[in-house]
């Protein structure tokens, strides 16, 4: 018996996630490739001009962001990182250095309890003009597929239209078209080893 369109879409997404994760895990020279991707961001005028940036801390085989984090601190930017709340939503906190991070319950570096318990460290998403956003798969039209929990989808829908939102990916994570729901907001673009691909306006 054939499933509903929603079930078919969910299955399609799960299969794509498995495929991309496998490709990414098998990739050689990940550290070198990550540096190339991050350098594309560092050279952007919009990044250089942003006083406050959202950066994620990589997990597993994701594009490593250490170079980008170091760059942001050296340029005097306010670095904002995500934290998953007890009700499975994202909150955002600024950090002064990577010493403000601790290994969380999911094995991912996140703001320490001292940071997340300090309300003065919390940052409203709409006040961040430049975002680097993780994901599993991306396309050149701004499509992004995450882990499937909707964390960043909810945040993206609240950001001002002027906000720059960029995915970081290896070339193996690019697909022709990411399965997209009507409410999904596309990213501004995606950076890979071979280029920075801006969504057509």
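Every residue, even glycine, has its Cβ placed from backbone N, Cα and C.
In TrEMBL, the coiled coil annotation falls on 6-33 of the listed ranges 6-33, 34-61.
Geometry remark: residue 62 (substrate binding site) versus residue 151 (ATP binding site), CA distance 17 Å. Across the coiled coil (6-33), the model assigns an average pLDDT of 86. A straight line from the CA of residue 151 (ATP binding site) to the CA of residue 57 (substrate binding site) spans 15 Å.
Under DSSP, residue 145 (ATP binding site) is assigned to a strand (E or B) in the three-state scheme.
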